[in-house]
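The structure appears right after this line, and notes come after that.
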Amino acid sequence: SPQQSNVTSYGATTVAIITLEAIAGMWINTFLVCVLSIAWVKKKSLNSNEKILLLLGCSRFCSLCFSWIYTFLSKIYPYCLYVHHILHLLQGGYSFFNCSNFWVSACLCVFYCIKIANFRNRFFIYLKVNIDRIVPLLLLASLIFSLVIGILVYNIIDNAVCKNLNFTCQGRVWKATIRIEEHLYPLHFVSGFVYTTSFMAVIFSAVFLLFSLWRHKRKMQTNSMNSLSVDAHIRAMKSILSFFIMYSINFMSFILTLIYSTKYQNHVMFLVYLIQHAFPGVHSLMLIFSNPKLEKTLLRSLSCVKCKVCMRQ
């Protein structure tokens, strides 16, 4: 029928565009992980910033893989999702890596804030002195909490599917999907908790860093050390502002998901899919260009690829 053909063409278009976004994002994060892994092997150690970026690249690569597989199956082979444990594993795995993505990136914001900002508070000074010891604990806590979220999502979907997928007729699959969505409100609550906590960490980091920059500019004198400190503040502020903008857009997409997930508004959900799949790649690219070493390595790699292509032609 015309309606089924429209749905099929919409699904194929969505999968094609999201596939391009996912491949680009996976390539960018693969580059990030490979460069940092090679540096780790050579130096036999990584600083705190590099540890966070390495874990962030791994989590984003894996979250893009799970998200792309789920989107592909849901749009092209939707009945595969009703095979036992397929939906559970995809959503549980995606939730684990997506939560680690958001919380590790929030850890990066907190790290920038503590490392660059200047406050005379004893607790802040303690954090500043011991930040290199605290970062591995923050990363471990992020992974543990992400694992808990992934297991929780797996159980929520398992309960919803077991209660509602007692259908064998093709005509009843859509009704089953609606009933599943009605029982997945705890899943939306869990997702909202992850988005909100990480978003709040980014907001507080930006506010503290901005306040520190404002105080430092008031007390600034004309010597070079002060100007270097201001430059460090501004660089960190640019990075955190990029976090804030990307998080804001992603948070808006989450709100749209809550509103339109059960209403089957294809155009709105298509926009949500675009935003969610663009975030891991675009933001990792921003992080690469904000790091001089990573930027030089990327430009050198691209120039080598360009030279090889020109030689073949």
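Heads up, the Cβ atoms here are built off N, Cα and C, so glycines get one too.
As given in TrEMBL:
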- 15-40: transmembrane segment (TRANSMEM)
- 52-73: transmembrane segment (TRANSMEM)
- 93-114: transmembrane segment (TRANSMEM)
- 134-157: transmembrane segment (TRANSMEM)
- 193-214: transmembrane segment (TRANSMEM)
- 240-262: transmembrane segment (TRANSMEM)
- 268-290: transmembrane segment (TRANSMEM)
Within the same chain, the residues 6 or more beyond the ends of the transmembrane segment (93-114) and with Cβ under 8 Å of it are 48-49, 52-53, 55-56, 59-60, 62-63, 66-67, 70, 124, 127-128, 131, 135, 138-139, 142-143, 145-147, 149-150, 152-154, 190-191, 194-195, 197-198, 201-202, 204-206, 208-209, 236, 239-240, 243, 280, 283
The transmembrane segment (52-73) in contact with the transmembrane segment (268-290), cutoff 8 A, at least 3 CB pairs, sep 6+ = yes
Counting Cβ pairs closer than 8 Å to the transmembrane segment (268-290), the top stretch among 15-40, 134-157, 193-214 is 15-40
